[in-house]
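What TrEMBL lists as divalent metal cation 1 binding site is 71, 208. Taken from TrEMBL, the feature divalent metal cation 2 binding site covers 108, 160.
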């Protein structure tokens, strides 16, 4: 999956998916750190920007190139890149659009769990003081219309590159979402303890390349001592197709993510890979059918 982080990068992701059909798939959306782009859009502000996102998502979904709406969410660790209020507004606007498009979500959350869950659950009886249904997909009003949260819950999604607490992970799972694990998810002993408790049926693995590489200084390094080696890494000027670029996280490094997760959880790497693959297919499709 090639992730869209704003309109331009979403268009680029779709072009990559078109160039590699059946191998690459795009997501469409605006990362919280890029949320200020909407108001400053030169051709009509936020409304025009969202209209362009909608058109891109509709056309690329119909063509089989886009499989999710995102990367959207909240990032309070990097408020220097985009103010909190702008992030909240754009997240809310994009969730409206995602519900209308009927696409699963590709979500980002850093140090923002309370607002993250509140915005996601907007319109849910559970949040409005009613009895609610944290695990179910209800939400139809008296007239039978399905509300936004019910639509989002039905299509589900992934909270990717998860770095939150154990309690936050459990809340993500209770909302019906999968948990994405990569190198950033296993930096500290606290991170490792959370990964150990992610249910296999809600686990997906990722690299988030070119970022989130696994480093010797991370807690995950203790679980990679007997992992299969990665390809040789060289400077970009010396790159050939069988080698990695030094200092850049690449898709092939997902093998080390799977290995570390398996060792952390005390299960076989094949079990982790099969579970993560099937979970990804169930939510995003990716032109495949689950194997179990």
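Positions of Cβ are set from backbone N, Cα and C atoms, glycine also.
Those TrEMBL annotations? Automatic predictions, nothing curated.
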Taking the Cβ of each of the binding-site residues and counting other Cβ atoms inside 10 Å, which one has the highest number: 108, 160? 160
When the number of other CB atoms within 10 A of each residue's CB is tallied over all shown chains, which of the binding-site residues 71, 208 has the maximum? 71
Between residue 208 (divalent metal cation 1 binding site) and residue 160 (divalent metal cation 2 binding site), find the distance joining the two CA atoms and give it rounded to the nearest Å. 9
Rounded to a whole number of Å, the separation of the Cα atoms of residue 160 (divalent metal cation 2 binding site) and residue 71 (divalent metal cation 1 binding site) comes to 9
